[in-house]
Each structure stands twice: as C-alpha cells, then as structure tokens.
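Scroll down for the structure; my scribbles are underneath it.
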Amino acid sequence: MGDMQDHEKVLEIPDRDSEEELEHVIEQIAYRDLDIPVTEMQESEALPTEQTATDYIPTSTSTSHPSSSQVYVELQELMMDQRNQELQWVEAAHWIGLEENLREDGVWGRPHLSYLTFWSLLELQKVFSKGTFLLDLAETSLAGVANKLLDSFIYEDQIRPQDRDELLRALLLKRSHAEDLKDLEGVKPAVLTRSGAPSEPLLPHQPSLETKLYCAQAEGGSEEPSPSGILKIPPNSETTLVLVGRASFLVKPVLGFVRLKEAVPLEDLVLPEPVSFLLVLLGPEAPHIDYTQLGRAAATLMTERVFRVTASLAQSRGELLSSLDSFLDCSLVLPPTEAPSEKALLNLVPVQKELLRKRYLPRPAKPDPNLYEALDGGKEGPGDEDDPLRRTGRIFGGLIRDIRRRYPYYLSDITDALSPQVLAAVIFIYFAALSPAVTFGGLLGEKTRNLMGVSELLISTAVQGILFALLGAQPLLVLGFSGPLLVFEEAFYSFCESNNLEYIVGRAWIGFWLILLVVLVVAFEGSFLVQYISRYTQEIFSFLISLIFIYETFSKLIKIFQDYPLQESYAPVVMKPKPQGPVPNTALLSLVLMVGTFLLAMMLRKFKNSTYFPGKLRRVIGDFGVPISILIMVLVDTFIKNTYTQKLSVPDGLKVSNSSARGWVIHPLGLYNHFPKWMMFASVLPALLVFILIFLESQITTLIVSKPERKMIKGSGFHLDLLLVVGMGGVAALFGMPWLSATTVRSVTHANALTVMGKASGPGAAAQIQEVKEQRISGLLVSVLVGLSILMEPILSRIPLAVLFGIFLYMGITSLSGIQLFDRILLLFKPPKYHPDVPFVKRVKTWRMHLFTGIQIICLAVLWVVKSTPASLALPFVLILTVPLRRLLLPLIFRELELQCLDGDDAKVTFDEAEGLDEYDEVPMPV
C-alpha cells in the first residue's frame, strides 16, 4: 500500500458501450454527434499561442477528417534484442477500442480499459506544449516523414544538428511484432548512444509503480491470454503510430506530431492499413520519466474520439493544445488512498459520464435560419420523409405510402432468403411459434368448451401467417395468439353464456365490425396514435397479463385438486379416457408435471446465457427450451402408466374441435337459434375492444422491431400491416377461427435470428450488426409448418394439460423480466442504500418514485377489478384510459425530467450474451 501513496492515478474510461449509452441520453438535450462533415464543425478555440516559423502550415484542406471508421493505435518502443544484441522497434501495445499489451513471452494480454498515471499526463502536457507539429505533411514513406520531422526538430532547437543522423538511423530500424518475439530470447528497453550502440541505463533501472501496474495488466489476471486482435480490426481503420525511445545524447524530451495529408500505408507497420497520424517521443533517460507510460498516455489520447476529431481538423498548434486541456479536464484522478472495493469504483462511472456529457456538448453556434422555417411548418425535418407514422393529410395516404415504400423490395425479399441462416431461423421460429399456439389452443378450448381449440388456432395461425408473409410490409413480424386476446375470449364467452347468445355467431359479427373499423382507421391514418402510448401504459398492460397468467395457472391446479382430491383410500379404478370420481395420484402428478415443466423451461432459459458449454450449443438448448421442457415432461407422463392425467384435446385431421356444436363456416344469422338483431349492431362495442388490443400489440411490436439500432433498411408499414392483421382476423371470425395479432417476443426473436453480426471491431468490443435478412420466406415456411402440425394429432394428444399450465406459468413469470414497474415494486421493500444505480433512482426522489409506482399499482388494481366482474369485456377500454391519464394528469404531479426517467424507453437492442437476459428483458409487452 505504501507504493500506492507515491503516485496518483487517472482513471480513463474510454468505454464504447458507455459512450453509446451516453449519446442516447444526450440526444434528448440537443447533443450533436462529432462525426459530422467538416463544413459543419465549429472552429475550436485556439490557445493564444503564436505560430512559429517552423509550424508546417497546410496549403489546402486536409483530407483527414473525422469519420465513423474505427481507430487503431499502435505503440512501438525502442528495445534491445538479447540474442543478437541489436536495437529494434518492438510493438509494445495496441488499441482497438480497448488496450492490449504484449507480455514478455510474446503473447497478447487480455483487453482492458486504459488507465493513466497522473504524472504521465502532466509530462505529456509539457512535451505537447513544446512539441513540433507537422500538419498535412505530403509524404508517403516513413523515411520521408522522419527526414521532415528531424529537420523541424533542428529548426526549433529541439535537437542538435549532430544528433540528426543517429536519430534518423534509429527511426528507420527494424521492427518486430508479437510473432517475431517467439524466436528471440527476450527484449528489454535500451538507450541509444552517440555511436549508435545500445547501452544500459546510467542509473540502475527500478521499475516504477506505473510500470509494474502496466506489466501486471499486460500479464493479465487470468492465465488465459487473449488472441491477437489483428484480424478483428475492421477495414478502413484510421491508424496512428506512436514511437517511444530513449537516447542518452538528447538534452530534453522531444515530441513530434505528424498528420499526413493523405492516409498512406507505411512500411514495417504491423498492418497494411493507411497511417493518418505519427507521434514520436524521444528523450534522455531520467529517473522521473517512464517513456513507456508517456507513450501509453499519448496513444490513449489518440484513441479518444473528441481529440481525434480535433486532430483531424486542427489548423494550428493552439487547437491541439486546447483539445488536450479539455481531455485533461475530463480525466478523473484517484487519490493515493487505501485500495477501494470494486463496488466503490463503480460509483465513479456516473461521474465520468457526466464529464463526457459536458465534453460532447457542442459549442454555442448561431441559430440555423432553417430552424425557424421548420418550426413554422414550412420545411420538414431531415427524417420526416421516411417516418412511416407521419400523416399525409390524404385519405389512405399512409397506406399508399407504405405500399410505395415497401413493395419495390419484393424481389429482394425472395432472393435475400437464399442463406443458411434463414433456414436455421425457420426451424427455430417454428418451435417458438408452435409451443404457444398449442398452449393457448388448449387453454382456449378449456375456456370455450372446445368451440375453438388447438385445430382452429393452428389453422388460423398458418393461413394468416402465409398471407401476411406474402403481403405484409414488415414480414419479420410473427402473427399469433396472445394472452390479452385469450382474456377477451373468456370474457366474451361468459357474456354470451349469461345472455343466452351463441358465442361463435357473436364473434362473426365482431369480425364484420372489425373490418369496417380498420378500414376507417387506416383511411384516416390512425396509426400515428401509437406514438402516444408510452411505457406507462405498456407496463400496466403487460403486468396485468402476467398476473392473469399466474393466477389462471394456480386456479387450474386448484380445480384439479378439487376434481381429484387426495384421499386416504380409493375404490378400484378402471382406466378410461376420463375416469369419474377421485383417481389416485392424479392431482399430485399434475402438480409435478406443472412445476417440472416450469422449472425446466426457466433453467434452460438461464442456461442459454450461462458460461457452460460452447456458445452455439448453449443457444440451441436455450432457444428450444420450451419444446424441450414439454417433450421431457410428456415422456415422464408416458412412463407413469397407472396414473390418469387430463390430456390436450386435438381432433383427428382437419376437423373442428367440437364438431357437434359447429362447422367450419359460421352462419351470421345463427346456428341453432336466431341471433338477435340488436346484438348484430351492439357487436360494434366488443369489436372496438378487440381492435384496441390488436392495435396495441401489433403497432407497438412494429415499433420495437423497427428500432433504428437494428439497422433494417427496407422499412416498415404501420398502416398496411394493421389493415392486414385486423382484416384477416375479421374474415377468420366468419370461419370460427381466432383473430391474431403481432406477438412481441416471437417477432423480436425472429428478427434476432435473422440478424447477421459482424466481427467485433476490437478485443473486448461488442460485435456490430452487419445486416438483417429482411425477407418473406422464413415467415412463409414457419406458417406452412405450423399448419402441417395439425397432422401431429397422435403426438399433441399425449400432452397433459398440466404441462401446458407449466408453460403458462413460465410465460407469466418471464414476462415480468423487462417490466420496470415490477422492479420498482421490489424497491418498495428495499432500503434506499440497496437501490440500483439507474436513472429513475438517481434522478428522482425516492418518495416520488414510489408515488409514481403507487399510481400504476392503483391503475393495475382497477383493471383487475374490472377483469373480475361481469364488466370484464370493458377491460381494453379501461386500459386505454391510462393514456390520457399519463398525458394529462401525471405532468401536473411530476416534473418533465422525472417523467423521462420513470417513463422513458430505455430498453436497448442487444445481442451480447449476458447471464439471465434475453428477448423478454427487451420488451415491456405481454407474451
């Protein structure tokens, strides 16, 4: 600990993920990205430093400019080859987002965030202020650059003329890289003498604390070294070469900063990438200067994107020095105290983000005159033309725009499917769509006495899915039955039973009204209303459905225990399709099957992102977790032959679930009794409620799938997709089949399965999205396979209902994962010191956060009461009332900043493997 008190460290956090998260927040407060054209860049404030005669002034604008390309920085140090006793430049470290150091055995250490010592930054500032700067140097070789730089050194009295030749030979020495060190006996820092022969340092070399830390970090805390990041460097990377060496005949440290006019490949560099910047740091051996750390400080500076932009555009030394000062202002100093815990260090990250926020804010600029035109409505914003929710003011204008935007890609929607990844996605999504279809089909049959069941749901999913894949604007959406629709079907069936109405005929009239409603909404471009549905309403909706799932699961289990109670003795049992009276072990086995299915599905879900087995195997097992769980528990039930369990009712072939009660075509005037005329017109009310549910799920799902972070290029169509989904549902009701909606989790899973990830831009960096296979074939094939599954009656009929209850419970529990409301409810029972470090905790007072949570809980309770009464049909209408509540009432109670933290969309699109995280955590919507 004593050594730590001799130095202060600077904590640098150039984390790409942190920067991206910060940019997302800063966009809300007029953040301007730094990757902008040169013409829009505001001139930096130059220090009042006069240009010297030797500053290389560019005669034309540099072609080097800030771009979105990745940066690669390489640090080479002058070393002594122990075997051949000759000097050479050795690659000591490189930066590809993160820092990677070369170990003594010639193997790269693990990538890590750069840390810098306080004195190294002070020394860097000192040498920068007296350095030589050559901007837009028109040289294409290392020798040419070295000659120009040494001439400038002499002109500015940085070095003596007699030192020129020695330094020139040194700069052009042989270069070695990681693979070359394996053939050497070792290297060590060397000091260049006047004769050109290396010498040992004049003073005994005692590694300083920062060098020890550097070596320890290079060796890594783990025994497993990192492979070289060379192959992971993206093409067209902006490359910087930093050279650090010791020369005993120099009087003082000298720095040369070179910006090439054209980025060109230089010989002897580890990569054939064009070099844009060259930094040379040379100086005499001194006990207070560690040139390795000085070089690391310079290299880290060149990886920082704000300084890199300035370095690309600077026209004078003053601008670079000003940017360096700004870099130092954003650096945190860790005082020499006792070693803190890791948790304490994490508290520094928000402080660093705040410093970065201020650094990224643009300087005040003159108002753009075009801004006033845009505010007056005279000119559209740059992205308005492509906004699918922008209203045109014409009848069916949005629908026509969707067709014109999306259908020109129709041919590519076919050709883009010629990829093995699409075939793999078809297999995966088939099981992801089949499992809930069978589960909801079985439960729907239970709720409606088999007036609709598995066969109707499978056929409806297949037919509507095929049509949507062929005609939809966003074919990556997966249509299916969902929890909210199941709740409505149960409520409407109860309503019809209590009023002596034919349920299946009433659905047909609802279908008529659905078609009329969707035509009117699409005609007047009503899809724009989805923008007013915030996370507040989505989470109440999702939480309610999750509670219903969980409640229904245990309600069904209790009913099984009531039908087959546990008794001390039983009469002899004759196994029949459905025995009458109590049966031994039926209730207990049903409990085991339900709990076993739930636990297996949860375990396999977590296993997907665990650290066991190779990643591909984990993902396969995790992605097929639900069907695997069903299969295992069906086998368990099959092997237990002497205990009865209620099975899924599936008709043989293309038959309706209850052929004695209905056929495939529903007569709108009534099947067995005359359907009352008043109900034909009154059906518009339940039709409106169904429309609200489908509108909410489908439009919000389209918003989530079409997020800009997913980098889809073909666009989407809210109006066209809504017309298809609701219209097909209305027609399906005439055939006694369920209406469907776009399902959020399944659609996000489909999009993820078709996303092609590029190689990571650097060691430790996250892989970037390369493209998304936007095509129609995967959805088409999945729908066909779901339709063919109706022929699997011998297999489906062996599934116990208790297994489906386990899947129902699984869907209810997992749906809570991405709901911030659930997290805030848990915080009600935690002391504030244990609250997480998230915006809605940090920026909002605890009691006001709990007040917001309480209001949501009250809304949730009201919805639950409505659902539990005969007025349960009105549930969607009561739900939609939370939208004006959020828009009109809550702003009177909470400040805008508080609402942004509590009701902001902070869900991120991520493809990184993180333990316990998947698609459920990304979407605050019901399954």
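Cβ atoms are placed via backbone N, Cα and C, with glycine included.
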Same side of the membrane, MET452 and SER494, by Swiss-Prot annotation: yes
Feature transmembrane segment in Swiss-Prot, mapped to one of the ranges 178-195, 736-753, 826-843: 736-753
Among SER18, SER60, SER67, SER610, residue with annotation phosphoserine (source: Swiss-Prot): SER18
Counts by DSSP class (helix H/G/I, strand E/B, coil) across the topological domain 'Cytoplasmic' (701-716): 8 helix, 0 strand, 8 coil
Residues from the same chain, set at least six apart from the ends of the topological domain 'Extracellular' (494-502), whose C-beta lies under 8 A from its own: 670-673, 675-676, 679, 686, 870, 872-873
Model confidence over the topological domain 'Cytoplasmic' (754-776) (mean pLDDT, whole number): 72
Per-state residue totals over the topological domain 'Cytoplasmic' (608-618) - DSSP helix, strand, coil: 5 helix, 0 strand, 6 coil
Nonlocal neighbours by CB distance (under 8 Å) for CYS859 (S-palmitoyl cysteine), same chain, sequence gap 6 or more: ILE540, THR882, LEU885
DSSP residue counts for the topological domain 'Cytoplasmic' (817-854), split into helix, strand and coil: 24 helix, 0 strand, 14 coil
Assigned conformation of CYS859 (S-palmitoyl cysteine) - DSSP reduced to three states: helix
